[in-house]
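Remarks on the structure that follows.
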Amino acid sequence: MNFKQNIVYKKMAISMKITAIRPIALVISFTLLSCKDKVKTVEQQDEPTKPNIVYILTDQWRGAALGYAGDPNVKTPHLDALAKEAVNFTNAVSVTPVCTPHRASLLTGKYPITTGMFLNDLYLPSEELCMAEIFKAEGYNTAYWGKWHLDGHRRSAYTPKERRQGFDYWKALECSHDYNKMPYYDNDNPEVKYWGKYSPFAIVEDANTYLEKQAKDDTPFLAVVSIATPHFPHGSAPQKYKDMYSPESLILNPNVSPKFEARSREELQGYYAHATATDEAIGLLLKQMDALGLNENTIVVFSSDHGEMMGANDVRPFQKQVAWDESIRVPFLIKYPGIDKQKGVTVNAPINTPDILPSLLGLSNIKIPDGIEGEDLSELIKNPDPEADREALVMNVAPFAGGYPNLPYRAIRTKQYTYARTTEGPSMFFDNVADPYQQNNLLGKPEFETLQNELDAKLNKKLAELGDEFKSRDYYLKKYNYVFGKNKPAIPYWEFNNGKGEVQSPIPVTQ
């Protein structure tokens, strides 16, 4: 029997995208009415309660830039408290560390090389089966707030309902980082509105109203709260929070280049200020969930789409795309119903962006549709093992904008090692336990040759499983018919306002 065939997710031209098969608890002849009633009773007894999901997605928040992760500067008391109640993946990575590719992979459970979503400002094909559509088919109410960055029709343009990939309640915008006057669209109203305060607090305030309404309803819900901080511009953080961080007093990591030290201190003041303000806003969201009694049956996730280099390893502030940990490693806390003894446990095995959707489906007892490429890690989440290990595949298919001078790469991250290869050969080999700031590249050292070969073989295996031929940037641009703009090596977008989006001019970056 086809999975939810009668549900139409989009317009008829792209309807019935789900083709995976889901077993029905019991099928019985409708002529046997008494038996039918009996089966209903069994279904009601055996059907597990569907958990709600609140997914908190931030932007450019480095995995190490939290109090619970050991950052000596930043103040994040509410997320520190959540970490004590959740499973903490210490080596969560972004499959392609930049906004649009991560978000597309998160919603589809697929790799950027498969969907073609490996650049910013691309159009996620409507035919792709996405997170909200799957949960909606299971009877979920779906809601989305904040930054979207998947429609590919100008960053300030209205996103019509058929382009929201299954999200019904909608207060979002394609892309803006004007935090003190952030525009958004209210559901099906095509007239732009503006959040009335610093956007993390405004978005959470509206989300809390939604949660209050949902708490009175038995319908399970999927709520994605997409907060665009602490992505630059950092100077726009509220002064109250900037006053908490004197640039001169900040402790810099030892891998920050001297030439970027002054700039990094200046930017970190605003970066940490955004982080602390966002932590406070998230605290209000978590407090509301507790007050409404939603904690007992809600999966809560806190994560980010990518990190940011902030002067580390000779890469200027604002830059990502590269394979160093400051760029690829992101926070990932997950709290789920019945967590009990697993509270505060850490998992050192990596979780990758495509793994998130199938893992949420696994935790929700929902059949994983065919075509999803990520791995269901729900058993590891429910039975966390700090000693477990696996390889996460990270890729930059076509470096663009500020990263344009770099070569494309493929890399694997394990709980201990990072190994990367560009189109010209091996480029990175770090022992992240012995060398947490990745300052000692082990490539070519005789004593590590065997290990390097093993990691190279594992990378080749991951590429083969995915069918990734690992070709040049131009090959993939031509394959997907992508054309960079004349003035910037990136997908053109319009109505670029000061303080919105990515850096405006490419600056050479060494990898």
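Glycine is treated like the rest: Cβ placed from N, Cα and C.
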Where Swiss-Prot shows D59, C99 binding Ca(2+), which of D290, D305, D314, D325 is named for the same site? D305
CA pair C99 (Ca(2+) binding site) / H149 (active site), Å rounded to integer, equals 7
Calculate the distance in Å between the alpha carbons (Cα) of H149 (active site) and D305 (Ca(2+) binding site), and round it to a whole number. 11
I want to verify one value. Collapsing DSSP to three states, which class is D59 (Ca(2+) binding site)? strand
